[in-house]
Amino acid sequence: MELQLLNTLRNHNPIVFNIANFVTVQDVANGLNALGASPIMSAEVQEAETMVQIAGAVCINLGTLTTTQIDQMRVVGKLANQYHKPVVLDPVAVGAVPYRKEVALALLSDFQVDVIRGNAGEIAALAGMDWQAKGIDAGSGQGDLVEIAQACAQQFQCCVILSGPTDVITDGQRVVKVANGTPLFQRHVGSGDLLSSIVAAFTAVSPTDVYQAAQVACLVLAGAGELVASQLTADRPATFAIDLIDRLSLVTVSEIQTIAKVD
């Protein structure tokens, strides 16, 4: 795994254009900024082309979608393809809300996505496989997570991150698992949104190998969270959220390498 991409990201300070979830937009902006990327958000379709042109990558989040925003997503996705900018899709709650799944599938047919990042329920829904999702949470099911992720990647010809206690990253054939992290991520709304945008940041500095970028993104965020949790003396979700921003700013390649649990 090319963990030196973290240093590359910090040296290049890539702009990440986010069509954001308004519930978590501040956390995403702060996390990207701390890591070394430059976040930019917009809900205005009239400036879509300029935003795509100046960005290194685009992250499209379905968290708080509206009809107007869906139109913007479609325009932005097509422009990103036109200008050869990587696109990351976060299909929030598509496993629990049929309309969201309908929207996500329509977007995936309108433009090419480079990475889809979702939990088990979301990825299973896109792949057409059985899973009982629970709102924005993964829910439960009996399917093999690797097979679910691979099926989704093959169907949409992209890289897929099925995130959870162990992140599964696949391009449809190759598979990497990242087992770092902490249960405190599940107590912090927006952890998945932040991961999706961090993935976009890494694809901006590795556009020809988004599979590698996805792996590094998962390991950096999971590793940073694990390091924060190891210093806490109690279950403190709010402290974790604040300290995570600090750690994203300070974490080094060597620190991540030391604790990496990658299969």
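Indices start at 1 and increase along the chain as displayed.
Cβ coordinates are placed from backbone N, Cα and C, and glycine is handled just like the others.
Residues or ranges marked as substrate binding site by Swiss-Prot: M41, G190. DSSP classifies G190 (substrate binding site) as coil under the three-state reduction.
DSSP assigns R117 (ATP binding site) to a strand. Taken from Swiss-Prot, the feature ATP binding site covers R117, S163, and the record attributes it to sequence analysis.
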Query: Could you tell me the C-alpha distance between M41 (substrate binding site) and R117 (ATP binding site) in angstrom, no decimals?
result: 19
Statement: Across the binding-site residues (S163, G190), the Cβ with the fewest other Cβ atoms inside 10 Å is that of G190
